[in-house]
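S.K.: My questions will all concern the structure given below.
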Amino acid sequence: MINKAHVLTYFYLLIYILLSSGVILYNKWVLSPKYFNFPFPITLTMIHMAFSGIVAFFLIRVFKVVAPVKMTFELYATCVIPISAFFASSLWFGNTAYLHISVAFIQMLKALMPVATFFMGVMCGTDKPRCDVFLNMVLVSVGVVVSSYGEIHFNIVGTVYQVTGILAEALRLVLTQVLLQKKGLTLNPITSLYYIAPCSFVFLFVPWCLLEKPGMEVSQIQFNFWIFFSNALCALALNLSIFLVIGRTGAVTIRVAGVLKDWILIALSTVVFPESTITGLNIIGYAIALCGVVMYNYIKVKDGRTPQLPSDSIPERLTKDWKLEKKSSDIFTPNTNNDANGGSNFNGSELNDEEAPLVSSRISLLGRQLSNSSTQRV
């Protein structure tokens, strides 16, 4: 007999994979001079931020879908602003990379995300140096180097942009853990957009004035409302789909879905953009890097002791949690025994997409809650 809960879970996973791949391919198509020819990545990112912030404002202030958190000026200045700055930087550099290198090669470079996150975590004191994890990081790095060596259309500028975006995203993830979680602040997808998107828009405004505004004034650019509206809508839908995926699955399934999505995206990119050529050395290098990523994910899941929960228990937890947020403030007092009980290190980096990081603070908290529940059941 077909389990409706399992069917719904796989449906959400499919939606996430399609939206994640679609947003990346759509951004590449819009920015690429060979296609839509809108070579202004900061402008495109600002459109996404403005659209997301406006939608979140109406959902919170007008339709009262969720209540805003108790945000003080000190909390906003010390948490939201620095996180928004690195989030805006990661989107800016990541989208700029599309102008110089292929989607397939970008996905291969993104295998460096666990490496960057691990070393940033060690530097900031949120992670401890470990020999087994370090060896995995070396394996991932070697794989990326091999893949880069096999790239036919290697471009140093695009590679630097992408790696810089990865470093900015790693810093944002670590700051989210250090600043938001340590202070007990939780943000659902809508409140994340409400607070972070406008701040990110402001941070992007300065480089936009210096780098893109002069070029837009003298160049013949085409502005199609429906193209940019649908592009921003897809980015917004991706944020919400990730929350649905987190609510229906465990850490293992999410990590596997992320790996599957990367392979699907690499294959699709060669079809959508025929100029993207994948060599045998690309595949070998990415396979080596992927082995390191899979081993790293296995270590993190094993350390966190996060076996899959029955799917019918997770929606109940989400419903209670969501109702609690609507009745009271979004301030959450973290369990000081999380680390002692083997709290999950799942921080949302597995679902790293162009717009997805907006919900990672919420993902991280939910991952810890599910992990603690799993530990109690064992």
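The backbone N, Cα and C atoms fix where each Cβ goes, and this holds for glycine too.
Automatic, uncurated: that is what TrEMBL annotation is.
Note that this is a predicted model, so its numbers are computed, not measured.
This is the feature table in TrEMBL:
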- 330-350: compositional bias 'Polar residues' (COMPBIAS)
- 11-297: domain 'Sugar phosphate transporter' (DOMAIN)
- 329-352: region 'Disordered' (REGION)
- 7-26: transmembrane segment (TRANSMEM)
- 38-63: transmembrane segment (TRANSMEM)
- 75-93: transmembrane segment (TRANSMEM)
- 99-121: transmembrane segment (TRANSMEM)
- 133-154: transmembrane segment (TRANSMEM)
- 160-180: transmembrane segment (TRANSMEM)
- 192-211: transmembrane segment (TRANSMEM)
- 223-245: transmembrane segment (TRANSMEM)
- 252-273: transmembrane segment (TRANSMEM)
- 279-299: transmembrane segment (TRANSMEM)
S.K.: Take every residue in the domain 'Sugar phosphate transporter' (11-297), average their pLDDT values, and give the whole-number result.
M.R.: 90
S.K.: Rank 38-63, 75-93, 160-180, 223-245, 252-273 by Cβ pairs under 8 Å to the transmembrane segment (99-121) and hand me the top one.
M.R.: 160-180
S.K.: Do any residues of this chain, six or more beyond the ends of the transmembrane segment (75-93), have a C-beta under 8 angstroms from a C-beta of it, and if so which?
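M.R.: Distant contacts of the transmembrane segment (75-93): 41-42, 45, 48-49, 161-162, 164-166, 168-169, 171-172, 175-176, 179-180, 183, 185, 195-196, 199-201, 203-204, 207, 354-355, 357-358.
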S.K.: With Cβ distances under 8 Å as the criterion, find the stretch in 133-154, 160-180, 192-211 that has the most pairs with the transmembrane segment (38-63).
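M.R.: Looking only at 133-154, 160-180, 192-211, the most contacts with the transmembrane segment (38-63) come from 192-211.
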S.K.: When each of 7-26, 133-154, 160-180, 192-211 is checked against the transmembrane segment (279-299) for Cβ pairs under 8 Å, which one has the most?
M.R.: 133-154
S.K.: Which bits of the chain, at least 6 residues beyond where the transmembrane segment (133-154) starts or stops, bring a Cβ under 8 A of a Cβ in it?
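M.R.: Same-chain contacts beyond the ends: 101-102, 105, 108-109, 111-112, 114-115, 118-119, 275, 277, 279-282, 284-293, 295-296, 299.
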